[in-house]
């Protein structure tokens, strides 16, 4: 058990290091010289050279990488070339917004997805299964951003139920904050509920036809108790897996939702920095998103072993 | 758990088995109403895309400054016009064409890069460590971030969007093919081929690849809608197809700016994307059930 965890920890750390090298190399592969960009096109070669030396760009790439990695480990992610703001500050300002949105959306997805999945499994071959399947197929096919645009149009503009855009921190104004995040979270959550619905349904269908469930029924246990105490509990592992995989994806996938609802999250920061060619920010943001993705996957793995002791022995998952 | 593919494969290698398996799969597919519905939808969508130059009332980039924001069912503009008076029907048709192009190119790229790597990784252990690490590394990046990053490095445009989405889909393809190869490498007919002194390339090409085809096709049906959605997202964000080239994603991005004035330019492109993806998802689900009786419609990438 401890060995398995250590192994996974080591693996995640290695992946993170490799990912940071890829990101670092990728940014260097981009066209354009940051030193020239900072000094201006007409600057004389000496000035450009000075800027290059100040940025450390005159050193060999491996040295540059080690310096970058060393600073990143101490929390120093560099400075935005566009505004001069420390990147760490930018991320501290934007990441909470995205995390709030992702957690809220995941709550919506879990609630909608597992409910629909359980209903589909319990009422197999009857209309609830059809409805649940139709819903998940639609959610899989309809682009999130289109749903978002339509929701803004109808629910915000036409009916006036929700604000069309904007962000209020839930820590300052709990009710208003949640209210502002509700529509984005609903949209993001519903599109992510589809996979959950399918996995829950598949797993529940399997569990409900298992021998021990038949035994429980034969012993006179009621339908609801069987579904919740036996079925749902055994399907929990699937839910955790999918939630873990999706939560990681949600942090990155929030780019689009943040763009539609103009939320000041890390997705917006990513896009802004890509468009303004603010490479230190791009580099840091991609690294932070990837790191959170890796950490979440690691946590899911750990959570598995807690929920399902059988996995402790067999090791590798995902 | 003997699989259908392995069971029906001809052990002597004269004619690999999938021919027969696929015949049965086709019959299963035709009996599945959802699959048939998906197939018909797909046929319509593909025809609309391929025949766009014939079906479209006009060029997709032609502007009519005198008639912006026309409602649908206006004379001359069946689906109305956008802010520049461009015909929405033409733009949706050409946009569908672009979506399909990106989708097909991405699938091709994922297959061309992923299948050989998966075969090699599944067959040679020493390569497996390297290739699987590579796939793990690529999977460590969230799909959309990987695509956005690649698009940022390569720049916009249809081809680059397809490359970004194709590369983002390579690791999943590697995993699927590798798993199939690992499984098939232990099969009796492969051992028999080894016994008959068949070289590694012959074993991989004639015995393993044909039997892994089902899994590859199934994976491809997952890549296709993902790529179509991905193209729309990249273009919507301004990192995919560049204006004035028509793209469903760009149309939605434009429409968002004047949504209050007229909602229609924001409705039809999204509907087109949804129909394309619905077609592929329905057809893909049915194909999966038909080709692989072990699974029953689960396991998508988000």
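We count from 1, first residue shown onward.
Using N, Cα and C of the backbone, Cβ positions are placed for all residues, glycine too.
Unlike curated entries, TrEMBL annotations are predicted automatically.
Annotated by TrEMBL as transmembrane segment, the relevant range among B:83-101, B:159-177 is B:159-177. Looking up the ranges B:11-33, B:34-56 in TrEMBL, the one annotated as transmembrane segment turns out to be B:34-56. Long-range neighbours of the transmembrane segment (B:212-242) within the same chain, counting only residues 6 or more positions beyond its ends whose Cβ lies under 8 Å from a Cβ of the stretch, are 5, 18, 21-22, 25, 98-100, 102-104, 106-107, 110-111, 115, 119, 143-144, 147-148, 151-152, 156-158, 161-162, 164-166, 168-169, 172-173, 176-177, 179-181, 184, 248-250, 252-253, 273, 276-277, 280-281, 283-284, 287-288, 291-292, 300-301.
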